[in-house]
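Written below as structure tokens is the structure these notes are about.
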Amino acid sequence: MARSTSNDAQALFHSLRSAYSATPTSLKIIDLYVVFAVLTAAIQVVYVAIVGSFPFNSFLSGVLSCIGTAVLAVCLRIQVNKENKEFKDLPPERAFADFVLCNLVLHLVIMNFLG
Amino acid sequence: MAASETSSETTLRHAFGNVLSFFILLLIGVLAFSIRLFSVIKYESVIHEFDPYFNYRVTQFLTKNGIYDFWNWFDDRTWYPLGRVIGGTVYPGLTLTAGTIWWILNSLNIPLSVETVCVFTAPVFSALASWATYLLTKEVKGAGAGLTAAVLLAMVPSYISRSVAGSYDNEAVAIFALIFTFYLYIKTLNTGSLFYATLNAIAYFYMVCSWGGYTFIINLIPMHVLLCIVTGRYSSRLYIAYAPLVVLGTLLASLVPVVGFNAVMTSEHFASFLVFIIIHVVALVYYIKGVLSPRMFKVAVTLVLSVGLVVCFAAIAVLVALVASSPTKGWSGRSLSLLDPTYASKYIPIIASVSEHQPPTWPSYFMDINVLAFLVPAGIIACFSPLSDASSFVILYIVTSVYFSGVMVRLMLVLAPAACILSGIALSEAFEVFTRSIKFQLPGASINSQVSAGDNISDSTMAHNDMAKTDKSEDTLKERPSRKNRRKEKEPVEQPSIRSRIEKRLLVLPLEASILAILLLVFLGAFYVVHCVWAAAEAYSAPSIVLTSQSHDGLHVFDDFREAYAWLSHNTEVDDKVASWWDYGYQTTAMANRTVIVDNNTWNNTHIATVGTAMSSPEKAAWEIFNSLDVKYVLVVFGGLVGYPSDDINKFLWMVRIGGGVFPHIKEPDYLRDGQYRIDSEATPTMLNCLMYKLSYYRFVDTDGKAFDRVRRTEIGKKYFKLTHFEEVFTTHHWMVRIYKLKPQKNRIRGKIKKSKSKSSSTSTKRSGARKKNPWH
């Protein structure tokens, strides 16, 4: 039972890996950026747990900026992905321009809130 | 040939329809603006009620001193001696909006005064709100429904009641922000564009700046996302519509000082974070499902479930423990009183005492939304066919707002846009059916063009027939439902047009019936319009600072409030403190420009209870309390001579209750005789000796010899008495406002006091000049 579960886990891992390697490089770059942003947020949370949360607004703006860029990058990936039927009419330049605009607003707010 | 003709015809019809809608929208804006001008016409351009005076005073400060001083303003003229941090406790949206409008107009050399801008802000924004309703309903159902909903919102009495010219309150701007935010959310949901998601977050920021009711948005949208996920409508557009809004919205909400860190720490926002996590989990699941084969997906599911459930339970246990450790479970008092309608009356008497916070009666529904009350169910049914993301949102909106409007009368305002949207949908669907029936049965040339158009549609739908029948409605229905409801060809959209074609065959009603039905609907609209205009003119345009009454010898105007405030501002020192019940605090600071003890903000219950205790105590104790607060003047409102029912004697029991909530020596049964509140000869001695009774009825017997109180409809109990610690300094023309001054401390307690004010060496040891008795011990 345990063997079959671990076998299953291995088979699952392999199939995931093979399926993921089929994605185009541009999407992989976006995924890497998302992982980096989430890791940065996690590091900040660990730091706050060690050092304490004063000033709280700096912590909030730091963590939310990481999570915000991660979310926006995921949205960009959704819109740029050629396998996504809903967005086939959307030129990728427009998707990127929206991404840049949203990031601009996000970072303007972060700058204001950072203190 | 025929095709090009019809295509040019359709372009012409498109163009004509667009121009027509533009002009209709312009007229709707003018209508929304002008129906709110009754109070300016009947009375004058003056600010109404109580809260708008505070907003007006803040706007005056902003225009005079600039934004930095406004942001850092500490107001020492209210809540003496505590003061109030205005910058951190006010929702700045309204004042910043009006201030910006004033500044723009003045820099264009249009010299409108601040008061004019403040008075007319609400009608202008109600025009904008009706345009926003048009946009929102157009996204849900089409332009025809949009126009109907916009014209309904322009006139709906419940919105008029809070946005007449002169009602310069937060809701004037906030309802526009609410509808606009919802419109941008639905637009993002329909198009999946990140640009609209950004705009949505910015509109949400404007809503947070404007009104405390923004928590409705940040709870309704997550509820809708959850509903979409649970009913299997998850799509990547939903992710784009929701996830950036949560992150950007939380950040923007924390920027507003009045919200601050509450945006991440109070229970009102937890729903959005929870659904944020849920939508990420769902997105990941869908991604993996799309990437893996079905067998592997099953394996993945079993693995993840076993591990994930354990982690999930642990996290939820921690969260629940955190939340349960706070006494109110993290919710603020106001939100709790909404969720549990009996909460306020048990724990927070101040919230319970506000008349706007009482549950509405059934007639008030008919008064406030009139005909819409029974068009809404028809609209709900119309939203179900077909059900799209946008229409499910509108259904959720109406259901939640109906519940909340049942808790508090004030929240009928949130119900109004939802009711207008659904009624607009219902009316336009009804009109569509009836006009279609007439069109298909009218003899003459119109049949030919319709037949050819019908043939085109039927041809294309036959071709798509097989394909469309096999795959079910999920994909096509999620497309943007942009059915334009005008008399032109419908572009052949796959599935719905088959159904509509079939429906067309079924739903063609007999000619006479549909003509009659259209006439009846027009009459319905006429009754609605008549009612709305009547409500706006008679019921909701009273400025409540000026009262009028018709009598046999013409119109009487009661301008007592402004008379009293003018007297105060001309006859007292700038630094004198005035004590009154908290209702009149804003007006006193704005118009009389004097420091007050408590005002309508009601943030400090103990301070209000102090004033309430003073009003309920006998003269000497009351004098002690007021003296400890440095009060010079006491103001009471008395309606007994003219029959004004909202005077302080009618509010007195609330003073007793609030005071008794903090100072236990004030007990409500002491003021009631057999459970009844009376002020006549059967009243209790505590009642007849309390300060409120004495200040209201001092010398009242001099008016008509019998001291007949017109509001309570009896003769009062104690008619002849003198005041020992207060002296009357001003009573207005109709005795509605009475101002008393605290008599200074006597030099000697015993002996003759009238003659000499010189300090004699044989002062009594009981002189309490230096040592004031503490009334709290």
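Using N, Cα and C of the backbone, Cβ positions are placed for all residues, glycine too.
As annotated by TrEMBL, domain 'Oligosaccharyl transferase STT3 N-terminal' applies to B:19-422. The domain 'STT3/PglB/AglB core' annotation in TrEMBL covers B:575-634. Feature annotation from TrEMBL assigns region 'Disordered' to B:462-496, B:748-777. Taken from TrEMBL, the feature transmembrane segment applies to B:20-41, B:85-105, B:117-136, B:142-160, B:172-197, B:203-227, B:239-264, B:270-288, B:300-324, B:365-384, B:391-409, B:506-530.
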With the transmembrane segment (B:117-136) as the reference, which stretch in B:85-105, B:142-160, B:365-384 has the largest tally of C-beta pairs below 8 Å?
B:142-160
Among B:172-197, B:239-264, B:270-288, B:300-324, B:391-409, which stretch has the most Cβ pairs under 8 Å to the transmembrane segment (B:85-105)?
B:239-264
Secondary structure composition of the domain 'STT3/PglB/AglB core' (B:575-634) [DSSP: H/G/I, E/B, coil]:
33 helix, 9 strand, 18 coil
Honestly, do the transmembrane segment (B:365-384) and the transmembrane segment (B:172-197) touch, with at least three Cβ pairs under 8 Å and pairs 6 or more apart in sequence?
no
Sequence-remote partners of the transmembrane segment (B:142-160) [C-beta within less than 8 Å, at least six residues beyond its ends]:
17, 21, 24-25, 28-29, 31-32, 35-36, 126-127, 129-131, 133-136, 175, 367-370, 372, 412-413, 415-417, 419-421, 423-425, 427-429, 431-432, 481-486, 528-529, 531-533, 535-536, 539-540
Which sequence-distant residues neighbour the transmembrane segment (B:203-227)? Criterion: at least 6 residues beyond either end, Cβ under 8 Å.
91-94, 96-97, 170-171, 173-174, 177-178, 180-182, 184-185, 238, 241-242, 245, 248-249, 252-253, 255-256, 259, 268-269, 271-272, 274-276, 278-279, 334-335, 392-393, 396-397, 400, 404, 414
Sort out the residues at least 6 away from either end of the transmembrane segment (B:506-530), same chain, that have Cβ-Cβ distances under 8 Å to it, and list them.
152, 155, 370-372, 427, 430-431, 433-438, 440-442
Under 8 Å between C-beta atoms and at least six residues away from its ends: which parts of the chain pack against the transmembrane segment (B:270-288)?
218-219, 221-223, 225-226, 229, 234, 236, 238-239, 242-243, 246, 249-250, 297, 300, 323, 330
Intrachain residues whose Cβ lies under 8 Å of the transmembrane segment (B:172-197), provided they are six or more past its termini:
93-94, 97, 121-122, 125-126, 128-129, 132-133, 135-136, 139-140, 159, 162-163, 203-204, 206-207, 210-211, 213-214, 216-217, 221, 235-238, 240-241, 244-245, 389-390, 393, 397, 413-414, 416-417, 480
Determine the mean pLDDT over the domain 'Oligosaccharyl transferase STT3 N-terminal' (B:19-422), rounding to the nearest whole number.
88
